[in-house]
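Peer 1: Below is a structure I'd like to ask you about.
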Amino acid sequence: MLQPKPLFNPQADTSYGKRRLIGGETSNLMMLSNNKYGWSYPLYKTMMQNFWIPEEISLGQDKMQYETLETAERETFDKVISFLVFLDSLQTVNLPNINDYVTLPEVNLLLNIQTYQEALHSQSYGYVLESIVGPEQQQRIYDIAVKDPFLLKRNRYIADCYQEFIDRQSEVGFVKVMMANYILEGIYFYAGFSFFYNLARFGKMTGVGTEIKYINRDELTHLALFQNMFRELRKEQPELFTPALEAELREMMKVALDYESEWAAYAIGDRIQGLNIALIEQYLRYISNYRLEAIGLTPLYPEVDQDPLPFIRQFTNFNQTKTDFFEEKVINYAKAGSDLDLDGLDELDL
Ligand SMILES: [Fe+2]
Ligand SMILES: [Fe+2]
């Protein structure tokens, strides 16, 4: 069993050797000038400097364009945004459940910032919806996540992966809930992102595309956080990563890809200019290889070594976030001359 950490433990031995991601000793004092994990402070700075405000992106033109989208595009838009609302909502609510078991203050801090960013993402979808449709339509779109039988089944599966750790906590369970989180962040979001980037490259709903781009920039830091957590846990508790558990983690990825392909067939299909099911399926397999390798697991589809949707890279080149995405107003709150370094994120090649 894995125990949640006590709220305050003045007797804790917080020498470096005793500090661990889970099951370590912590007084719960935020000793943030003395972090064990060297990567945590640069990541903290990047996450803080990524601060953005959804309302600063104008959606006036998107409102008009939404009405003129092809019917299939509009239907897909509604389904995809409802799914993204679900994913970010679940993240906001569930990350504290993971954080309760993390015994390193610097990671507690980062998970809290991530939680706030997930809430911001939900708010950005609210802003998108209130900008383009009336209240009744907004409710109809939110309801897709819980009423559309296909999406409901899918969302139940994702929530159940998290619920399992809420119901039964163990060290192996912690690794699995980290994996579930990593898949949500690194795979599930991406079919949705690809839909919006695809619309944007045809000049459609570019304000929403910009919102998605800022969300995507945050998500990259969340992936970096979980990749680093995996690496540290492997170093601290290598005995946890048995061949059986690793096989299970790869299987989780495989099931996720199958679900995602089914979803893409249902929500996106072959009705959208510039996208088709085969391309999306290949794209998700392609990025899953990177995701698995980044946490020390063997890729599932090594034969898929070409990016089938290279246009997405134009939207995710985050070293260019200091200039405009789609000639929108520049949003960058980092101080001039800051030493913010996004190179590390691009190296992740996500
Ligand atoms: Fe998010
Ligand atoms: Fe996230």
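Placement of Cβ uses the backbone N, Cα and C atoms for every residue, glycine included.
Take a look at what TrEMBL says about it:
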ACT_SITE  Tyr125  active site
BINDING   Asp88, Glu118, His121  Fe cation 1 binding site
BINDING   Glu118, Glu185, Glu219, His222  Fe cation 2 binding site
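Any idea what these are sitting next to in the structure?
Peer 2: Listed in sequence order, Ile81, Leu84, Val85, Asp88 are the same-chain residues at least 6 apart in sequence whose CB falls under 8 Å from the CB of Tyr125 (active site).
Of all Cβ atoms in the shown protein chains, 23 besides its own fall within 10 Å of the Cβ of Asp88 (Fe cation 1 binding site).
Long-range Cβ proximity for Glu185 (Fe cation 2 binding site), meaning a same-chain Cβ under 8 A and a gap of 6 or more residues, is found for Gln91, Glu219, His222, Leu223, Phe226. The secondary structure of Glu185 (Fe cation 2 binding site), as reduced to three states from DSSP, is helical.
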Peer 1: Determine, for the Fe cation 2 site, the additional residues of the same chain whose CB lies within 8 Å of the mean position of the CB atoms of Glu118, Glu185, Glu219, His222; present them in sequence order.
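Peer 2: So the extra residues in range turn out to be Gln91, Gln114, Gln117, His121, Leu184, Phe189, Asp218, Thr221, Leu223.
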Peer 1: Excluding Asp88, Glu118, His121, which residues of the same chain place their Cβ within 8 Å of the centroid of the Cβ atoms of the recorded Fe cation 1 site?
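Peer 2: So the additional residues around the site are Leu87, Ser89, Gln91, Thr92, Gln117, Ala119, Leu120, Ser122, Ile215.
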Peer 1: Which residues does Glu118 (Fe cation 1 binding site) neighbour through Cβ under 8 Å, counting only same-chain ones at least six apart?
Peer 2: Asp88, Ser89, Gln91, Thr92, Leu95
Peer 1: Under 8 Å Cβ-Cβ from His121 (Fe cation 1 binding site), six or more apart in the same chain: what's there?
Peer 2: Leu84, Asp88, Ile215, Asp218
Peer 1: From Tyr125, Glu185, His222, which recorded positions have a C-beta atom under 6 Å away from some atom of ligand 1?
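Peer 2: Listed by sequence, the hits amount to none.
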Peer 1: If the criterion is a C-beta within less than 6 angstroms of any ligand 2 atom, which of the binding-site residues Asp88, Glu219, His222 pass it? List them in sequence order.
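Peer 2: Glu219, His222, in sequence order.
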